[in-house]
Amino acid sequence: MMNFRQRMGWIGVGLYLLASVAVVYYVFEIDQTYNRLTLEHVERVAQEQRPLPGDNTPPTASSLPTWTQSLKTRLLLLPFWVWVTIFLVPYLQVFLFLYSCTRADPKTVGYCILPICLAVLCNRHQTFAKASNQISRLQLIDT
């Protein structure tokens, strides 16, 4: 028999996955439309700003890229695996937290979240180190 927390966990997992599918569809649909509009804009601007032959005027302040444009350019140059890591790690953390809410034991909720998992592992390591030190002291006292 499932309790209320588990039912809400399963509903949360379902809604999270449904929202993820909707976001992916929206991003790719918008991407296709945005690419078409961007291509039209770039072609229009290129025709308007085509320099005349023999015109050696220095670039004006309006033709230099702004800081937001240069930041976008640098961010887009990041490798694909960096973008995957930036978006996939938080996505998986939220999914695993919602999934851990479906467990029967409420003490195990949240162990899938990376900071909590690292804290538990470090705490276990310190506990193990303390126990091994106590055992070695006991052996020294007994001999």
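Cβ coordinates are placed from backbone N, Cα and C, and glycine is handled just like the others.
Annotations in TrEMBL come from automatic prediction, not curation.
If you look at the transmembrane segment (9-28), the same-chain residues 6 or more away from its ends with a CB under 8 A from one of its CBs are 2, 91, 94-95, 98-103. The annotation transmembrane segment is assigned in TrEMBL to 9-28 (among others).
Sequence-remote contacts of a segment are chain residues at least 6 beyond its ends whose Cβ falls under 8 Å from one of its Cβ atoms, and for the transmembrane segment (80-99) they are 9, 12-13, 16-17, 20, 109-110, 112-114. What TrEMBL records for 80-99 (among others) is transmembrane segment.
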